[in-house]
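Asker: Found this in TrEMBL, in case it helps:
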type	residues	note
TRANSMEM	B:33-55	transmembrane segment
DOMAIN	B:90-282	domain 'ABC transmembrane type-1'
TRANSMEM	B:93-113	transmembrane segment
TRANSMEM	B:125-147	transmembrane segment
TRANSMEM	B:159-177	transmembrane segment
TRANSMEM	B:215-238	transmembrane segment
TRANSMEM	B:258-282	transmembrane segment
Amino acid sequence: MTRSLLRWSPLAPATVVLLLFLAGPIGYCVVIAFTDTQLTGQESASFVGLANFRHAFGDAGFRNAVVLTLVFTVLSSLVGQNTLGLALAGLMRRASRPVRAVTGAVVITAWVIPEIVAGFLLYSFFERRGTLNAVLEWLHLPTQNWLFTLPIVAVSFANVWRGTAFSMLVYSAALSEVPQEVTESAEVDGAGGLRRLWYITLPMIRRSIGTNLMLNTLQTLSVFGLIWAMTRGGPGSRSQTLPVFMYDQAFMKSLIGYGTAVALLLLVVGALFSAVCLRLMREEV
Amino acid sequence: MARPARSARSLLTRPGLPRALRQAPRRGYRHRIAADAGLLLTAVAFAVPLAWLVLSSLDTEATLRVRLPASPGLDNFSAVLTDEITFTPMLNSLLLCGGATLITVVCAAPAAYPLSRFRARFSRPYLLTILFATCLPITAVMVPVYGLFVQVNLIDTRYGTALFLAAAQLPFAIWLMKNFMDGVPKALEEAAWTDGASWLQTLWRVILPLMGPGLTVVTIYTFIMMWGNFFVPFMLLLSPEQLPASVTIFTFFGNYGAIAFGELAAFSLLYSTPVILLYILVSRRLGGGFALGGAVKG
């Protein structure tokens, strides 16, 4: 018994930190979400049961945030990062070496630079006086105040810019593991590029696709700094995804209890995705 | 890395780009031209915001548009290279992220040891929990963490913030560390045991030196993730003199009436450089040998 305790004792520091600073807040989150805690001017918070959740589902602001989060996730993660990442990985296998190196370096740099710098760079790109409109003017196309007319689309593009490198790397690795004999024999049998992609390559990397989609979605669900730097959730609340809405309710409106309830919902959705992801990766452990 | 900031954390564990790059099959010439064209087009689109960063930092009359500097010079850099704007926030970032990285590595390295070496009924559930936590959206818990930190008086303290950053990064660090440790052969360690070494001595003298590159990767990667993290210090630190660069860049951006874009670009460049260099170091050092069978498996 002592021997086994001693053996496992190295786990202790990490477990303590994880319990205190990660499991603790999550547990606290579950408790606070059922109270009416406010930031200021309150003697004591009381237990209000499901009131915060009922309030959330009846709250137009919350529903707006859910819809925007869905739009943001589908546009930037499912469609943008995933498809572009796969396309880049596929193209890289055919392109010449310098082009591969340059493209890889640029796309990865966009991913490595800090979130808030990325937000600032894309703000300058989409801003009314920014580069996108300069390019459009040069092409004699109509310009727009993108961050005002299509804020959620602008932040989605920003997230694609920032996050595609991950999918590209995952798919590069996955494609390099597809045995070449298989693709080549399909080619000999006369299967065109698209058919090979659909019937051979995609089925062979389907586990990577699944995992990548899950991880992208989880990452996208928790984006805050990028949106905050570009639009602060505005104009109005037209780019207010759930994390921004949560922050706004808890700190701008001082409703910690309500903000935490929103956080708990976000956490539950994240946990579901995380569980699916875990199933996909299970054989690893 | 986005975490992401949590973005794409498992990527370093994969045989990444470099290997895939080397193995590219040769197809027809026409295919190659088409692929080159497609990639170059994407590269240009991705490079535009980055070009703005570099060009504007050198332009004393920078605007929001990408253009060659109208009046080139290093004035922007000399304007931001002051204690208040650059050095203090960067030092704060270094203290905060360095401290948090230290906590993470010091906790993760020993934790990975029994998980990698011994089997027990709870080790698999423990690992699965760790992996599960790796994927959780930490952004969601920031409001309760704020509440908790106010309750226990950790708000606006650097060590409290560092501990939370460490906790948020720990699951992935343990996971990554375990995978590196799995690659160290057991025989040497058994020899050390026979000589009467304790687990701590074995870990310190035998295993950690053998997994030097792995340890470096975990350390640097953890540091990169924290350096770019905005939300955690934004929520948990309040006094201006403690704020790291990720937060001061934002106040810089938001508070001035007329934003000096050139100076902001210069500062952004200075702030981004360390992580870019560290990333290059990690990917060079292992030369695409991230083949550790890590978290994302195809």
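Numbers here mean position along the shown chain, with the first residue as 1.
Backbone N, Cα and C define each Cβ position, glycine as well.
Could you give the neighbours, burial and distances for every feature on this list?
Answerer: If you look at the transmembrane segment (B:33-55), the same-chain residues 6 or more away from its ends with a CB under 8 A from one of its CBs are 62, 64-69, 265, 268-269, 272.
Using a Cβ-Cβ cut-off under 8 Å and counting only residues 6 or more beyond its ends in the same chain, the transmembrane segment (B:258-282) has close neighbours at 1, 12, 52-54, 56-64, 75-77, 79-81, 85-86, 90, 93, 216-217, 220-221, 223-224, 227-228, 245-246, 249, 252.
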Asker: Quick test of the contact rule: Cβ under 8 Å, at least six residues beyond the ends. What residues does that give for the transmembrane segment (B:93-113)?
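Answerer: Answer is 158-159, 161-163, 165-166, 169-170, 173-174, 176-178, 180-181, 199-200, 203, 207-208, 215, 218-219, 222-223, 226-227, 233, 244-246, 271.
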